[in-house]
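*Asks:* Okay, these came from TrEMBL:
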ACT_SITE  Thr35  active site
ACT_SITE  Glu43  active site
ACT_SITE  His69  active site
BINDING   Gly62, Arg113  substrate binding site
BINDING   Gly62  CoA binding site
DOMAIN    16-117  domain 'Fluoroacetyl-CoA-specific thioesterase-like'
Amino acid sequence: MKELTKGITGISELTVSKNELAVNVGSGSLEILATPVMVMLMEKAACACISDFLEGDETTVGTEINVKHISATPKDMKVCAEAELLEVNGRELVFSVKAYDEAGDIGEGIHKRFVVYGEKFTAKANSKL
């Protein structure tokens, strides 16, 4: 892995479609952006933040996420998630994450990822079968 610098950022965005609604994801009964989709966007933003620094078979896996979903977003509205690298503890990466729609903030929190070697990590997971 190339040297990471605190403060680097990444972004992920989407326009809420029926596929991202809580009622269709199974996380609720309303036609609003599902919390798991907001979390996914935050994880994608963190991945985008460090993707250029990974080498060879390196990738990252999410190990912890602690977020608040503070405002609902309707279908057809654009949502953006941003991640900022706060800490590098060896292979553990700590990010500040936030999400917002066209009307303002919708979520915030902390997300941790761990740098792993893809093939080795997948083999270990598959050994559970």
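Glycine is no exception: its Cβ is also placed from the backbone N, Cα and C atoms.
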*Asks:* For Glu43 (active site), identify the closest of the recorded positions Thr35, His69, Arg113, judging by Cα separation.
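*Replies:* Its closest listed neighbour, by Cα, is Arg113.
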*Asks:* Tell me the coarse DSSP state (helix, strand, coil) of Thr35 (active site).
*Replies:* helix
*Asks:* Between the Cα atoms of Arg113 (substrate binding site) and His69 (active site), find the distance and write it as a whole number of Å.
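*Replies:* Checking the Cα atoms of Arg113 (substrate binding site) and His69 (active site) gives a distance of 20 Å.
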*Asks:* Could you tell me which of these recorded positions, His69, Arg113, has the fewest other Cβ atoms within 10 Å of its Cβ?
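*Replies:* The recorded positions His69, Arg113 were compared, and His69 has the fewest Cβ atoms within 10 Å.
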*Asks:* Per DSSP, what is the residue count of the domain 'Fluoroacetyl-CoA-specific thioesterase-like' (16-117) in each of helix, strand and coil?
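*Replies:* Residue counts for the domain 'Fluoroacetyl-CoA-specific thioesterase-like' (16-117) by secondary structure: 26 helix, 52 strand, 24 coil.
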*Asks:* So if I draw a 10 Å sphere around the Cβ of Gly62 (substrate binding site), how many other Cβ atoms end up inside it?
*Replies:* 15
*Asks:* How many Å separate the Cα atoms of Gly62 (substrate binding site) and Thr35 (active site)?
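*Replies:* Distance (Cα to Cα, whole Å): 16 Å.
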